[in-house]
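Per TrEMBL, the features are:
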SIGNAL    1-24  signal peptide
DOMAIN    25-319  domain 'Plant heme peroxidase family profile'
DISULFID  C35-C115  disulfide bond
SITE      R62  site 'Transition state stabilizer'
ACT_SITE  H66  active site, proton acceptor
BINDING   D67, V70, G72, D74, S76, E88  Ca(2+) 1 binding site
DISULFID  C68-C73  disulfide bond
DISULFID  C121-C315  disulfide bond
BINDING   P163  substrate binding site
BINDING   H193  heme b binding site
DISULFID  C200-C226  disulfide bond
BINDING   D239, T242, D247  Ca(2+) 2 binding site
Amino acid sequence: MTSSNNSFVAIFSLLLLSTMQCHAQLSSTFYDRTCPNALTTIRTSIRQAISRERRMAASLIRLHFHDCFVQGCDASLLLDETPTIVSEKTALPNLGSVRGFGIIEDAKREVEKTCPGIVSCADILAVAARDASTLVGGPSWTVKLGRRDSTTASHTLAETDLPGPFDPLSRLISGFANKGLSTRDMVALSGSHSIGQAQCFLFRDRIYSNGTDIDAGFASTRRRQCPQEDQNGNLAPLDLVTPNQLDNNYFKNLRQRKGLLQSDQVLLSGGSTDDIVLEYSNSPRAFASDFAAAMIKMGDISPLTGQNGIIRTVCGAIN
């Protein structure tokens, strides 16, 4: 009797566990019943923001990326500094450069009007990144939903886990691999540098290096807006040719030695990523398809689901 009871308990536990695991998976239909207009509401907000400032598309994609690489896709990046939270916003890779927080708060506020306490800030970040891509000519993809919001942030991990503009290829590859992303994913995601801008101090060394890995005319053009001293914050488009279009032109630039950041040009420097860069430069379709797939994979990094985490009312604060 005891052994059969034990067997029953074991089977029941396994069933319960598998049910919990099913519920813990993200799903594109997560809000279909609880907040059917969520995606439309978010898209309207994002469309308005990007129509006001096209550069915001790049900023929103970067927000999702910088969130997912630190503690997973849990909206930890959005939390403001408090006596108990050291905000990720003030970590070096984010300080003075990560932007778009107000746009996410606007979208959240609109969603809260119809579905209070249902849709997480982490999911709004994921949807906003997809919408941003499509609104500047990039690919679309089906966003998986059901992430919940963290109650903590990690300033420390934001300092160590985010890839940097001076990273060598080996470090870029290992940094993405640590998050479950392949080398191909890393190259595809780097293609988001087809839009957006970078600050002068991040590419100054490269444009004054007289190196063999940079086109001389390109370097000369960039020096006009980025003197050797001062004006650290002067902005330059990462892609001079189609700066507001998410396309494969970024990879064509690399073939001409016109990558703005060291971490851009290193993708075509005689290493293991050369063939991927050449493929994307020749095939807009291959790039678009791989970029979409990599964004979905990135959105899967360590989400809080089920009973873990919370649904924040305001994205910058814990309820």
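A Cβ is built for glycine as well, from the same backbone N, Cα and C atoms used for every other residue.
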(request) Count the other Cβ atoms sitting within 10 Å of the Cβ of C35 (disulfide bond), across every protein chain shown. (result) 18
(message) Most Cβ neighbours within 10 Å: which of the binding-site residues S76, T242 is it?
(response) S76
(request) Tell me the Cβ contacts of D239 (Ca(2+) 2 binding site) under 8 Å, same chain only and six or more apart in sequence, or just say none. (result) H193, S194, I195, N249, Y250, N253
(request) Would you count the other C-beta atoms found within 10 angstroms of the C-beta of V70 (Ca(2+) 1 binding site) for me? (result) 28
(message) Measuring Cα to Cα, how many Å separate C226 (disulfide bond) from D247 (Ca(2+) 2 binding site)?
(response) 26
(request) Compare the C-alpha of D67 (Ca(2+) 1 binding site) with the C-alpha of each of the recorded positions C73, C115, D247, C315, and give the closest one. (result) C73
(message) Cβ within 8 angstroms of the Cβ centroid of D67, V70, G72, D74, S76, E88: which residues besides those meet this for the Ca(2+) 1 site?
(response) H66, C68, F69, Q71, C73, A75, L77, S150, A153, S154, L157, A158
(request) Measuring Cα to Cα, tell me the gap between the residue listed as 'active site, proton acceptor' and G72 (Ca(2+) 1 binding site) in whole angstrom. (result) 9
